[in-house]
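Undergrad: Take a look at this one; I'll ask things after.
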């Protein structure tokens, strides 16, 4: 059995730096997901707000626009993973984090009837975690700030009337996904 090679401090630092750079590049390339989900969820929130203001009986119906987004996200992720020759530890951490988040979202939506479907503030607060942690992993302040703003708008959503929660959600998405997503996209293009 081959003994592990002792690395110098410089070699260890170089490996860690290259892993972080690879993860940053992957997330910058994946700014697509922040933009896709930012626009889909912002439009759903705004649509729900408008339908609520018009006293439409089922304003939540606009959320069906997330179904094609989920299908496309899964398809694109599978295709990207098949095309990619290697993934870093940071890539796997990030993917696992967002997968756990998606499972939590599905759970809250599935059992939303238990809390009279008042799930907006809960989802915003849950969104703070993967957004903020992704910002930490990448050392990317706009995502960290976006995560904090999800938390703030989640609290605000608990304090405003129900029909205003979707408006708070749209603003949170703008701050948490769209602004950081466009900054990531522009950094990748530079």
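Placement of Cβ uses the backbone N, Cα and C atoms for every residue, glycine included.
Heads up, here are the entries from TrEMBL:
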{"type": "TRANSMEM", "residues": "32-54", "note": "transmembrane segment"}
{"type": "TRANSMEM", "residues": "60-78", "note": "transmembrane segment"}
{"type": "TRANSMEM", "residues": "90-113", "note": "transmembrane segment"}
{"type": "TRANSMEM", "residues": "119-138", "note": "transmembrane segment"}
{"type": "TRANSMEM", "residues": "143-160", "note": "transmembrane segment"}
{"type": "TRANSMEM", "residues": "166-184", "note": "transmembrane segment"}
Undergrad: Please give the sequence-distant neighbours of the transmembrane segment (143-160): residues at least 6 beyond its ends with Cβ less than 8 Å from one of its Cβ atoms.
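TA: Here the qualifying positions are 120-125, 127-136, 168-169, 171-172, 175-177, 179-180.
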Undergrad: Are there three or more C-beta pairs under 8 angstroms joining the transmembrane segment (166-184) and the transmembrane segment (32-54), sequence spacing 6 or more?
TA: yes
